[in-house]
Amino acid sequence: MSGLAYLDLPAARLARGEVALPGSKSISNRVLLLAALAEGSTEITGLLDSDDTRVMLAALRQLGVSVGEVADGCVTIEGVARFPTEQAELFLGNAGTAFRPLTAALALMGGDYRLSGVPRMHERPIGDLVDALRQFGAGIEYLGQAGYPPLRIGGGSIRVDGPVRVEGSVSSQFLTALLMAAPVLARRSGQDITIEVVGELISKPYIEITLNLMARFGVSVRRDGWRAFTIARDAVYRGPGRMAIEGDASTASYFLALGAIGGGPVRVTGVGEDSIQGDVAFAATLAAMGADVRYGPGWIETRGVRVAEGGRLKAFDADFNLIPDAAMTAATLALYADGPCRLRNIGSWRVKETDRIHAMHTELEKLGAGVQSGADWLEVAPPEPGGWRDAHIGTWDDHRMAMCFSLAAFGPAAVRILDPGCVSKTFPDYFDVYAGLLAARD
């Protein structure tokens, strides 16, 4: 798939089968960093093989961490507590799950580092995290536009003068980065570390993932709801010995959606009713749209209408603040709804791999949908009968755009996905797995 300029999707009629999900991107990169910061050795299984995890692995090796060879999703990391390499230039691609947490960890350890990424990474805000780290005395310099990467880290005087405040309304990754790095500073300073959230915290389930994983590495965080988080002065990460990565719940959304519009059943394995990922809640969105959803330990299954034969999903008006990534799948499913659909509270889309509100608006209109959008909302009216249009779908160098619009193959229009290789960020084999579930239209 890598290197292909485009992929013409075969017109699809039915979907059924089972998919073993790749490892969660959010969990994979968190666990890699936690294992590096922990005492002892951690054997990680089920690790996602993707651009973002390869970026994190390369950075850890560059920082002096002993990282074993990755084989079949397994890798062993020897924890170092403090990175041996105190001067480095790190290229972190477009991986926010690597850039933000590494920025915090490096800033609180001391040293001299330069962090950069692809041009889009330099358009994704990091100012709120930098402002919070500067409250600890961290020396951080913007090497381009203020508030954005690239960054130079070093030259500060780290201290703890009281609670540190961080804005929560732009990205939950800023709070995640501070939480994960806080035990490093607590140990160094001998003081409790308190982080206070300013504004409305978005994407709360991702913070739950962070707290859950920190606990598995031996650090429990005291919290006052979503307003304040305290890490004790004696907090120390300790490797759990062995750590299995859950399947990616955001990726599960595309396959569960296939079951909802292609009859099904489609079952995903690797996530289930006991998942720590908030995006499993997308299954409830599908149920509200009329799909039959079933859960078990380590699996979720959907059955639904056959939109290629005239079936329709129920329209929705929903707040997607808690599951912004999976919400993109809902936006594409709106093509098959029985009325206009509205997605609210999705302002975080603006600062993802691309401006996803603008990108989704543009590409849905190409297919004939009526689309309106604002700062943090999107409304999609499905194409009128006879109103579908053949389209070349731009993916905007965004893996989720490519995967979402694979669902458009169930409509009557011819669909071409441009730059399908962008799925390598999280799921290089996506289109092969997708094709294995489909029955084509005659």
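Residue positions begin at 1 at the first shown residue.
Even glycines carry a Cβ here, placed using N, Cα and C.
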* To do: May I ask you to find which of SER66, SER189, SER203, SER373 Swiss-Prot records for the 3-phosphoshikimate site already listed with LYS25, SER26, ARG30, SER171, SER172, GLN173, ASP325, LYS352?
  => SER203
* To do: Out of GLY96, ARG124, GLN173, LYS425, give those binding-site residues positioned within 10 angstroms of LYS352 (3-phosphoshikimate binding site), comparing C-alpha atoms, in sequence order.
  => GLY96, ARG124
* Determine, for the phosphoenolpyruvate site, the additional residues of the same chain whose CB lies within 8 Å of the mean position of the CB atoms of LYS25, GLY96, ARG124, GLN173, ARG356, ARG400, LYS425; present them in sequence order. => ASN94, ALA95, THR97, ASP325, LYS352, GLU353, ASP398
* To do: Ten-angstrom check, please: count other Cβ atoms within 10 Å of the Cβ of ARG356 (phosphoenolpyruvate binding site), all chains counted.
  => 25
* To do: Measuring C-alpha to C-alpha, could you say which of the binding-site residues LYS25, ARG30, SER203 are within 10 Å of LYS425 (phosphoenolpyruvate binding site)?
  => LYS25
* Have a look around ARG124 (phosphoenolpyruvate binding site) and count the other CB atoms within 10 A of its CB, chains all included. => 21
